[in-house]
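Feature annotations, reproduced from TrEMBL:
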{"type": "DOMAIN", "residues": "1-111", "note": "domain 'HotDog ACOT-type'"}
{"type": "ACT_SITE", "residues": "Asn9", "note": "active site"}
{"type": "DOMAIN", "residues": "167-281", "note": "domain 'HotDog ACOT-type'"}
{"type": "ACT_SITE", "residues": "Asp198", "note": "active site"}
{"type": "REGION", "residues": "296-325", "note": "region 'Disordered'"}
{"type": "COMPBIAS", "residues": "296-306", "note": "compositional bias 'Basic and acidic residues'"}
Amino acid sequence: RIMRPDDANIAGNVHGGTILKMIEEAGAIISTRHCNSQAGEPCVAALARVERTDFLSPMCIGEVANVSAEITYTSRHSVEVQVNVMSENILTGAKKVTNKATLWYVPLSLKNVNKVIEVPPIQYARKEQEDEGKKRYEEQKLDRLETKQRNGDVIFPVINPEPHTVGYSQSSLIHLVGPSDCTLLGFVHGGVTMKLMDEVAGIVAARHCKTNIVTASVDAINFHEKIKKGSVITISGRMTFTSNKSMEIEVFVDADPFVDESRGRYRAVSAFFTYVSLSKEGKPLPVPQLLTETEDEKRRFEEGKGRYLQTKAKRQVQMQQAAQH
């Protein structure tokens, strides 16, 4: 579809959350189609995880986004989907790849939302493809478990915070989950949640830099638990790490299921977003150094630095491999 002004920031760059929402919609369609391709209990595919996705090139107002999805692996109860996004300038005909993302879905019964349906297997062109997919499945399963175990943090307001501190830029957004946010099962679309998370991360980044900012990448997004229609969700974001030209923001979503009084507030989703600061000409700008004050902030900064260096090393290896080919 064509990108409209309400899809973009004031500089005309399309919000990362808008693209993430389109990616998730494509993944949900192809997964739900596949899981209902054989006779059996009707189901809807629910998003469980999004692997790290890089925003390779910015998309602008007036460009057309082409989103394509392909199922690359199936386990007994989950589906791996590869989604590619290409932008097209309809005035010049120029095309470029903007995103490549890997998502994992779980099919849930329409009759019983707590029942996971068995996934029809796909045919692989080579045995190696199935083996590689199984390896990715085991890795993401382990990472989801580890992420869920460290999800106890809460963001508290800071009185009179200093500029460039964690407290100065941290932000929260409260949203009532309505029918238009939900799937046929009455739970929030993963894409809706990701769009709201990107909005909060963008506010954190803009407060820290006071410049135009764009999403550079999103680390793995883990959907720990479903969010029901009628719940009030709080999306919270805080700066964890800054390099010379990028900033990492931790975002998590907490749900208050007011329609179900038997249940208390719980952590539903968590992820790390990376943003860059741009000039009016679209050139990268230096990012102000994050001032850490507490021991927890210093620990999170070092953890973020580790993720940054790891990603940088992986990118260098990929560039070397691409140069050799």
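Quick reminder: no glycine exception, Cβ is built from N, Cα and C everywhere.
For Asp198 (active site), applying a Cβ distance below 8 Å and a minimum sequence separation of six or more within one chain yields His15, Gly16, Gly17, Leu20, Thr215, Val218, Phe273. Within the same chain, residues at least six positions away from Asn9 (active site) with a Cβ under 8 Å of its Cβ are His15, Gly202, Asn212, Ile213, Val214. Counting residues per DSSP class in helix, strand and coil order gives 11 helix, 0 strand, 0 coil for the compositional bias 'Basic and acidic residues' (296-306). Mean predicted confidence for the domain 'HotDog ACOT-type' (167-281): the pLDDT average there is 93. Sorting the domain 'HotDog ACOT-type' (1-111) by DSSP state (H, G, I as helix; E, B as strand; all else coil) yields 23 helix, 52 strand, 36 coil. When the domain 'HotDog ACOT-type' (167-281) is classified with DSSP, helix, strand and coil residues number 26 helix, 54 strand, 35 coil.
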